[in-house]
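Asker: According to Swiss-Prot:
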- 102-388: domain 'Protein kinase' (DOMAIN)
- L108, G109, K110, G111, A112, Y113, G114, N115, V116, K131: ATP binding site (BINDING)
- D233: active site, proton acceptor (ACT_SITE)
- N238, D251: Mg(2+) binding site (BINDING)
Amino acid sequence: MTIRHILAIRKKSLELPSDLKTFLRVLANCQHLKKNKKCRRTIFSVDFQNNQRQKPSNFHFWTVIKKFSKKILKSFIIKFGNNGTIAVVFSIFPTGATPSLTFLFQALGKGAYGNVYRVRSLHDGKDYALKQIMISSKNEGIPQSVLREITVMKHLARKAHPNIISLKSVFHQLDPVRAILKINMIMERCDWDLHTFLRNIPRGVPEQQAKHVTAQIVRALDFLHTHSIIHRDLKPQNILLNRDQTVKLADFGLSKEYSNTTAFTTLVVTLWYRSPEVLLQSYYNSTVDMWALGCIVSEIYCRQPLFVGQNEAEQLTDIFKKMGTPVGKDWPSESVIARDSFPQYRPTNLKDLSPQMSKQAIEFVQQCLRYDHSKRLSARGALSHPFLKPAVATKSRVLKQINFNK
């Protein structure tokens, strides 16, 4: 077995022997690093390459690592690659830091800038989600959405709302060979996102469960809007769900703080859940989240998107065909697109579009999908709507019948 490594200690490099036991002994003798408060973080980036056909014993590996490094390591991240490669990253913090060893073992999904992995802490034995953002030196700095997400999630973590995903830790790694900066965010891990859940259940969602899920989304939105934050990218993929039916909002890369006098015109929100004022490039506010919520509630019942378009023009046309073309004051005066650019469509009964929905659910969705955003249902108002008033936490047969591979 050979070892390739990078050991950065206050801009000094140190050659480590190629023997794993000797390496761990050196690591165990690094206790003195903790006493040096100037050395805030020491990064070990180690690749263990197994040149033999038989891979090393994972159980033995974890036992040795935990024994030798538990007291001096803050974070421990590992990834199994091809051909027996094991990539490990260690971070050492000064005295007083709580040791937490984490290893990475399952990919959960991909994003615009990186991947999401399932990780397990060797400190508390719990599973978390690791969002790893890869930034090349060719890029012009760190993307604004990444900085925004970290800022918002750190802000929200201090308030700890039960329906908003909690950020546990943020740290970075530098890969000098590939000239890549990795920003790692360790967050709560949930069992599914709403998109996956709806497409894997054997039958429709019961009314009581639909109310319970919707109520939790609304509570999270009310919390965000109360703290002057618009999510701006609400969609089923960003709504996480646990087996106990706990719902948590995630992915705040497009979220933005606002005030009562702030008006935005930037195009945001995944196409199918964009409100008309956003598609028409007009001014918008926090009610864009409520439009997206109306689309999502319909999708919970029907298990398919309410409005589907391949581009902005198609999306608007589909909305107008189903909801009717807006007239008079319903058409935004600041819109860059003229009203006569679209034919006059008559509205379709929402019951015909979503026959699975109850009368109260239809009324709720209709109030979320009003063209005039000043008349649209607010998150606070939604909590007192008759559709959500009786919502209570109940165990659902649907969740019990689903066999997901975790």
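Cβ atoms are placed via backbone N, Cα and C, with glycine included.
In the displayed structure, how are the listed features positioned relative to their neighbours?
Answerer: Secondary structure from DSSP puts V116 (ATP binding site) in a beta strand.
In the shown protein chains, 23 other C-beta atoms lie within 10 A of the C-beta of D233 (active site, proton acceptor).
In the three-state DSSP reading, N238 (Mg(2+) binding site) counts as helix.
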Asker: Using DSSP and collapsing to three states, where does D251 (Mg(2+) binding site) fall: helix, strand or coil?
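Answerer: Assignment for D251 (Mg(2+) binding site) reads coil.
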